[in-house]
Structures are given as C-alpha cells and as structure tokens.
C-alpha cells in the first residue's frame with residue numbers, strides 16, 4: 001500500500017518524433033554515449049522513486065527490451081505502459097497511471113523522455129518544493145530567448161500560475177511571453193486523476209493536453225506552483241537533429257569541464273569529445289581531435305591524442321596513445337601506441353609495450369615490454385614478454401576457411417618481413433631471419449631462416465631491358481669501375 005510520502009515518476013516516450021526524420025525512435029537517438037531515454041532514466045534512478053514507469057507508443061517493440069536492459073544495469077524495476085493510439089500527453093499520463101498501484105497516493109512526477117540533460121538534483125528539488133508547499137501541481141519553468149514551439153506560462157498580476165497555453169493555441173500577445181513550460185511536473189496524484197477525467201480535445205491538435213490540467217485544478221481552487229530553472233539546458237527538449245546536436249555539444253562541454261576541474265588537461269575542449277561513462281585519471285593530457293567513447297578508462301599521467309578515437313579501451317597509468325583508432329582493447333601502464341595504430345577488439349598490450357606506426361592488432365595478447373615498432377599486422381596471436389617483432393611482419397591467421405592462432409614466446413627477435421603462418425609456435429629466445437616464412441614451429445633459442453642462397457644473374461638488365469634507364473645506369477657504373485659489362489665475353 002502506498003503512502004503520501006511515496007514518489008512515482010512517469011516518463012512520456014510515446015510520441016513518434018516525426019520531426020527527427022528518422023527510422024530510429026526519437027528517444028533512442030544518442031548524445032554523450034547514451035540514448036536520450038537512457039540519460040533520463042539514469043538521472044531519475046538517482047532520485048530513487050518508489051515507482052518508475054515509461055509510457056511507450058510508437059516503436060514500443062524496439063524500446064521496451066532496452067528499458068529492461070537499463071533496469072538491470074540500474075538494479076531497479078522500470079515498468080512500461082502502452083499508449084496504443086496517440087491522443088496527446090494527457091492521455092499518455094492516463095495510460096501511465098495504469099502502471100502504478102490503484103491506491104497510489106504519493107507525489108507523481110511526469111517528464112518527457114526527450115530531455116536528456118535533466119539531472120537528479122533538479123528532479124529532487126522539484127519534489128522537495130512541491131511537498132513543502134502542498135500544491136496540487138508544481139510545474140518547472142524556464143526562460144528562453146526564443147520560446148517558439150514551447151507552451152507559455154500564464155500568470156496573474158500577483159505572479160500566480162493560471163494556465164499553460166500551447167504554442168499552437170497561443171494568441172500573438174501570449175507568444176511574446178518568454179517563460180515556458182519545461183514539461184516536468186510534480187502532481188498530487190488524486191488531484192491529477194480527477195482533472196484527467198475532465199480533459200477535452202477542443203484545441204488545435206485535437207488532443208488531450210496534460211497542460212490543460214493546470215487550468216482545471218486552478219478552477220477547483222487548488223494551489224498551483226511553479227519552480228523556475230535558470231539553467232535552461234537542463235530542461236531543454238529535442239524535436240529535431242539541430243536541437244540534438246546543440247544539446248550534444250552542451251553536454252560535451254559540461255563533461256569536458258568536469259574532467260578539467262578534476263585535474264585533466266584538455267588542450268582544446270572544442271575538438272575533444274568525451275562520453276558520460278568515460279573515466280580519466282589526474283594529470284593526463286588530452287590533445288586536440290580526441291574522442292573518448294563508450295566506457296573508455298584512461299589512467300593518470302597519460303598522453304592521449306592528437307587525432308585519437310578510443311571506444312571501450314582501457315589505458316594504464318603513464319601510457320601514451322597518439323593518432324590511434326582503438327576499440328575493445330587494453331593498453332598497459334607505461335606503454336606507447338602510435339602514431340597511426342589500429343587496435344581492434346581483443347587487443348591486450350602489456351605494461352611498457354609498444355605498438356608503433358602503422359601497426360594493426362586484433363584479438364592479440366602482447367606481453368610486458370614487447371615491441372611491435374612498425375608496419376605490422378598482429379592478428380589472433382599471443383606474444384610473450386620483451387620480444388621484438390621486425391618491421392613489415394604479418395601474422396597470417398586465415399587459411400581461407402577459419403582463423404588460427406600464432407604463439408611467440410618471450411625474448412624473441414624476429415627479422416623484418418617475417419610471415420607467421422598459423423598455427424605455429426616460436427619458442428622463447430628464438431630468432432628469425434629477414435624475409436622468413438615460418439610454417440613450422442621454431443624451437444627455443446633457434447634461428448629460423450626459410451630463404452635459400454641468393455643467386456645473382458649477371459647482365460640480366462642489359463639483355464632483358466636494353467636501352468632502359470636501369471641499363472644505362474648499370475653500364476655507366478661498370479665503366480666507372482673499369483670493368484667489362486656483366487655477361488659480355490672477353
């Protein structure tokens with residue numbers, strides 16, 4: 001049984017979002033590494049309401065499973081209610097009430113699912129203010145320089161809220177009002193239920209407006225309150241991709257600033273993008289053109305960038321990652337990566353290791369202190385500690401049907417242009433000569449050389465490429481040396 005001290009939150013996410021011009025439901029569009037709806041649910045969960053429900057309509061089959069996943073991540077239940085026909089926000093709330101206990105008598109917060117920057121502090125402040133004043137409804141408002149498209153707040157000369165008029169139904173004088181409805185409310189649930197039963201669709205949209213509840217409750221003589229939010233971005237909604245980009249940039253500005261205040265140097269905030277779930281240690285330097293995405297974790301005293309994109313990558317303390325694209329990988333403490341390295345999923349680079357210029361790795365474990373300096377592909381491989389892989393080497397992992405692994409031991413030295421044809425094992429302390437194709441296992445401490453003796457065919461250029469620049473150069477060199485052209489009889 002509920003009590004007057006309980007809190008419930010309804011998130012309205014049933015609209016089709018046609019102005020997004022997208023096959024993706026509006027609330028699933030992302031900024032800062034999360035969808036708009038996910039941002040909002042994470043914020044609401046911090047308030048810890050007794051009940052949390054989302055009202056879905058358009059594309060509910062796609063959204064509901066994601067809500068279940070987020071509920072698991074947040075460790076709390078999130079109910080789903082369905083608005084089968086789009087009949088306005090008032091009808092959406094009526095549908096949402098079905099997800100609450102019939103006897104629920106606490107505070108009911110209603111918000112839209114397209115306000116991704118709404119934070120827990122703002123919601124908690126709304127609930128506290130509403131409870132303290134014992135109002136029938138408390139509405140969040142904000143002031144905009146361009147209020148086009150927003151419902152306007154109507155007040156008496158005594159500054160009391162009398163109604164909210166939607167933009168489409170507002171008169172010219174009402175459209176001059178810059179204080180707007182933020183779309184976030186706290187209701188006395190009993191009063192709300194009563195008002196919902198008296199809503200009318202006699203308006204420009206022929207819908208049941210939740211905002212009309214304000215005038216109905218005032219007509220009942222019940223107290224109406226408003227709480228103004230100075231930071232309008234916290235309650236800004238998204239209706240199109242221009243607004244999505246604007247809020248995405250604002251969210252990123254706040255994320256970057258928070259890291260800077262926590263001791264991270266961000267050289268150029270304007271070209272640095274950091275998702276909400278990224279962590280960065282103090283005294284790390286982030287250079288221009290860097291994107292840190294997903295659940296990337298950067299240690300302290302690191303150097304990242306410029307022109308680096310890391311998604312779900314962990315980087316240990318003191319590491320350097322320069323001009324690198326990485327996904328689903330791990331870089332050990334003190335390691336160096338780049339420039340122009342490509343870390344594909346499953347890459348694990350040990351402490352003090354090196355992946356140099358134009359190195360690509362995939363599903364590979366590279367041990368402590370091991371160096372892969374340049375121009376090399378390491379795929380499906382395990383390399384031990386303190387080994388060195390020569391330039392232009394390739395771990396040949398695909399036989400045309402399946403991927404196979406290569407194992408290279410510790411303290412191994414391989415020559416340039418070595419091909420490791422998997423499956424093959426190179427033992428500890430072994431060497432390979434330049435140009436070696438390793439098709440069989442190499443014992444520990446052995447030198448593997450696959451090439452035969454070099455054979456020089458004298459005079460080949462003169463005979464096969466007569467008159468060419470190469471032939472003329474060779475003839476001049478031979479004359480300068482006082483010799484007869486190679487291959488010419490005495």
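Quick reminder: no glycine exception, Cβ is built from N, Cα and C everywhere.
Here Swiss-Prot flags 374 as active site, proton acceptor. Under the three-state DSSP scheme, residue 374 (active site, proton acceptor) falls in the strand class. Counting only same-chain residues at least 6 apart in sequence, those with a Cβ under 8 Å from the Cβ of residue 374 (active site, proton acceptor) are 356, 357, 358, 359, 391, 392.
Look at Swiss-Prot and you will find 12-15, 26, 83, 88-89, 112-114, 151, 166, 181, 239, 344, 362, 377, 388 tagged as UDP-N-acetyl-alpha-D-glucosamine binding site, backed by sequence analysis. In the three-state DSSP reading, residue 113 (UDP-N-acetyl-alpha-D-glucosamine binding site) counts as coil.
Marked as Mg(2+) binding site by Swiss-Prot: 114, 239. Using a 10 Å radius centred on the Cβ of residue 114 (Mg(2+) binding site) and all shown protein chains, the other Cβ atoms total 27.
Positions annotated as acetyl-CoA binding site by Swiss-Prot, on the basis of sequence analysis: 391, 397, 398, 416, 434. For residue 398 (acetyl-CoA binding site), the number of other Cβ atoms no farther than 10 Å from its own Cβ, over all displayed protein chains, is 11. Classification of residue 398 (acetyl-CoA binding site) by DSSP places it within a strand.
If you look up Swiss-Prot, you'll see 467-490 marked as compositional bias 'Low complexity'.
When pLDDT is averaged over the region 'Pyrophosphorylase' (1-241), the result is 94. For 1-241, the entry in Swiss-Prot reads region 'Pyrophosphorylase'.
Per Swiss-Prot, the feature region 'Linker' maps to 242-262. Secondary structure of the region 'Linker' (242-262) per DSSP, as helix, strand and coil residue counts: 20 helix, 0 strand, 1 coil.
The region 'N-acetyltransferase' annotation in Swiss-Prot covers 263-490.
Annotation source Swiss-Prot lists region 'Disordered' at 462-490.
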(request) Show which residues of the chain containing residue 388 (UDP-N-acetyl-alpha-D-glucosamine binding site), separated from it by at least 6 in sequence, have their CB under 8 Å from its CB. (result) 370, 371, 373, 412, 413, 414
(message) Given the binding-site residues 12, 15, 114, 166, 344, find the one whose Cα is closest in space to the Cα of residue 434 (acetyl-CoA binding site).
(response) 344
(request) Quick one: pull the CA-CA distance for residue 12 (UDP-N-acetyl-alpha-D-glucosamine binding site) versus residue 398 (acetyl-CoA binding site), whole Å only. (result) 50
(request) Write down the Cα-Cα distance for residue 416 (acetyl-CoA binding site) and residue 113 (UDP-N-acetyl-alpha-D-glucosamine binding site), rounded and given in Å. (result) 57
(request) Take the C-alpha atoms of residue 15 (UDP-N-acetyl-alpha-D-glucosamine binding site) and residue 416 (acetyl-CoA binding site) and report the distance between them in angstrom, rounded. (result) 60
(request) Could you check what DSSP calls residue 12 (UDP-N-acetyl-alpha-D-glucosamine binding site) once collapsed to helix, strand or coil? (result) strand
(message) Between the Cα atoms of residue 114 (Mg(2+) binding site) and residue 88 (UDP-N-acetyl-alpha-D-glucosamine binding site), what distance do you get, rounded to the nearest Å?
(response) 15
(message) Can you check which residue among the binding-site residues 12, 391, 434 has the largest number of Cβ atoms within 10 Å of its own?
(response) 12
